[in-house]
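J.: Can you keep this structure in mind? I'll have questions shortly.
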Amino acid sequence: GLPGRKGPVGDAGPPGQLGVTGPQGAPGFPGVTIPGQKGDRGPPGSRGNPGMPGPPGPPGSPVEGIKGDKGLMGEPGQRGPPGAIGDMGSPGHPGAPGVPGQPGARGDPGFYGFPGMKGKKGNSGFPGPPGPPGQSGPKGPPGVRGEPGTVKIISLPGSPGPPGSAGEPGMQGEPGPPGPPGDPGPCGPKGKPGEDGPPGTPGPTGEKGNKGCKGEQGPPGSDGLPGLKGKPGDTGPPAAGAVMRGFVFTRHSQTTAIPSCPEGTEPLYSGFSLLFVQGNEQAHGQDLGTLGSCLQRFTTMPFLFCNINDVCNFASRNDYSYWLSTPAMIPMDMAPITGRALEPYISRCTVCEGPAIAIAVHSQTTDIPPCPAGWISLWKGFSFIMFTSAGSEGAGQALASPGSCLEEFRASPFIECHGRGTCNYYSNSYSFWLASLDPKRMFRKPIPSTVKAGELENIISRCQVCMKMRP
């Protein structure tokens, strides 16, 4: 018969045994490129080798910084070896000759000299007049009668002859011994002071400090409340009868009290004690004995600077001003002082007018020197000569000026102020004073020494300000 229809598919048989690996097939057609999804972040790699140094960066902007706050005091350094003996300075110019003194009083007469040698015999003089008749002799025996004689005429004696000529003068006698010395004549007037000696060799220039960053200007503070009315002052001295002659000097109290003028002088005005200023890294000092050191207004930056472009700038640079200070204690945290808190730290001063010039006399010992004859004392103090601060800049004080004789001694007699409105004491501020000297050790090598607080006044020279008395 015919073949039957195809039957249904049977069940799958059991898997066969693994066949032998067939030959490698021909390469297939390239597949379609489909971007896959981003894989997960891999683990961090190991540290790579250091790269080559990059090129130098551009220069920074030239911004001047402000001075940092005062740091803590360092440990005292070891004592250095003694310095070598310095060269002897050149002698000063000779002073002008003094005015000749008045002639002394006449001395007592000297002793008589020895008698001179016997003179030569003089010429014979004319015969002198006859002498008086002699006494009668004894009566002789009678003579023999003579012959009659002639009449004899007896004439009268003639007049005396002229005196004989004077004999030749005798030889000069030996000089007598010198008479006793005469009384000393009165002292001549005081000679003029000699010319100033040549200036000393300048000291080494200090290293320039780093400029700090300029701080942002803070907002102006609000005005404080007005202070209470002060008590009335003491009654001043009576006015002098004489007319003032225009001799002006300044007196500094080194406290917050306004000083009074000495007796016999009159006040012109009062103010605040300016010592020196520093601008563009250059310092200029004021003579404390003149009225320029007594400003009637106080500010931490009393000056401004202008350029050739007709532009002026105020309180916008790293400039300084320095003022005589008071004994007020600085804050424990050494923070800069600003605003109304500055008032207790600034010394007051008074400008006075006197009838004559005022000078300072320095003893260079711990004894107060006397005023010259004909001068009166105005005040006594300590011999102040020089001061330096930021950038080793500073100024000196004329020793003839009343400003070189401060009535109070302090190792830090001035305070530093800045244009940003703050003031403080800093470790690079130094004061220089005349030392007390032993007259027996002149022209000898000074003995190095270090004197601590409590004994400082024992090595500082004393001084006195004197004024010429009115005639």
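Note: Cβ is positioned from N, Cα and C throughout, glycine not excepted.
Quick paste from Swiss-Prot:
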type     : residues      : note
REGION   : 1-241         : region 'Disordered'
REGION   : 1-238         : region 'Triple-helical region'
COMPBIAS : 52-61         : compositional bias 'Pro residues'
COMPBIAS : 127-141       : compositional bias 'Pro residues'
COMPBIAS : 165-174       : compositional bias 'Low complexity'
COMPBIAS : 175-187       : compositional bias 'Pro residues'
MOD_RES  : Pro232        : hydroxyproline
MOD_RES  : Pro238        : hydroxyproline
DOMAIN   : 246-470       : domain 'Collagen IV NC1'
DISULFID : Cys261-Cys352 : disulfide bond
DISULFID : Cys294-Cys349 : disulfide bond
DISULFID : Cys306-Cys312 : disulfide bond
DISULFID : Cys371-Cys466 : disulfide bond
DISULFID : Cys405-Cys463 : disulfide bond
DISULFID : Cys417-Cys423 : disulfide bond
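Each of these features: where is it, how hidden is it, and who are its neighbours?
T.: Less than 8 angstroms from the CB of Pro232 (hydroxyproline) sits no same-chain residue that is six or more residues away.
There are 20 other CB atoms within 10 A of the CB of Cys261 (disulfide bond), with all protein chains counted.
Sequence-distant contacts (6 or more apart, same chain, Cβ under 8 Å) of Cys349 (disulfide bond) comprise Thr250, Arg251, His252, Ser253, Ile258, Pro259, Ser270, Gly271, Phe272, Ser273, Ser293, Cys294, Leu324. In this structure, Cys349 (disulfide bond) is part of a beta strand by DSSP.
Secondary structure at Cys312 (disulfide bond), taken from DSSP and collapsed to helix, strand or coil, is strand. Taking a C-beta cut-off of under 8 Å and a sequence gap of six or more, Cys312 (disulfide bond) has these contacts in its own chain: Leu304, Phe305, Cys306.
Cys466 (disulfide bond) carries a strand DSSP state (E or B).
DSSP gives Cys405 (disulfide bond) a strand state. Cys405 (disulfide bond) has a Cβ environment of 28 other Cβ atoms inside 10 Å.
Mapped onto three states, the DSSP output places Cys423 (disulfide bond) in strand. Long-range Cβ proximity for Cys423 (disulfide bond), meaning a same-chain Cβ under 8 A and a gap of 6 or more residues, is found for Thr300, Trp323, Pro336, Ile337, Thr338, Leu342, Tyr345, Ile415, Glu416, Cys417.
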J.: As a test of the contact definition, list every same-chain residue at least 6 positions from Cys371 (disulfide bond) whose Cβ is closer than 8 Å to its Cβ.
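T.: Same-chain residues close to Cys371 (disulfide bond) (Cβ under 8 Å, separated by 6 or more) are Val361, Ser377, Gln464, Cys466.
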J.: Among all the protein chains here, how many other CB atoms are within 10 A of the CB of Cys352 (disulfide bond)?
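T.: Excluding its own Cβ, the number within 10 Å is 25.
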J.: How big is the gap, in Å, between the Cα of Cys261 (disulfide bond) and that of Cys463 (disulfide bond), rounded to a whole number?
T.: 18
J.: Across the whole of the domain 'Collagen IV NC1' (246-470), what does the mean pLDDT come to? Round it, please.
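T.: Here the mean pLDDT over the domain 'Collagen IV NC1' (246-470) amounts to 88.
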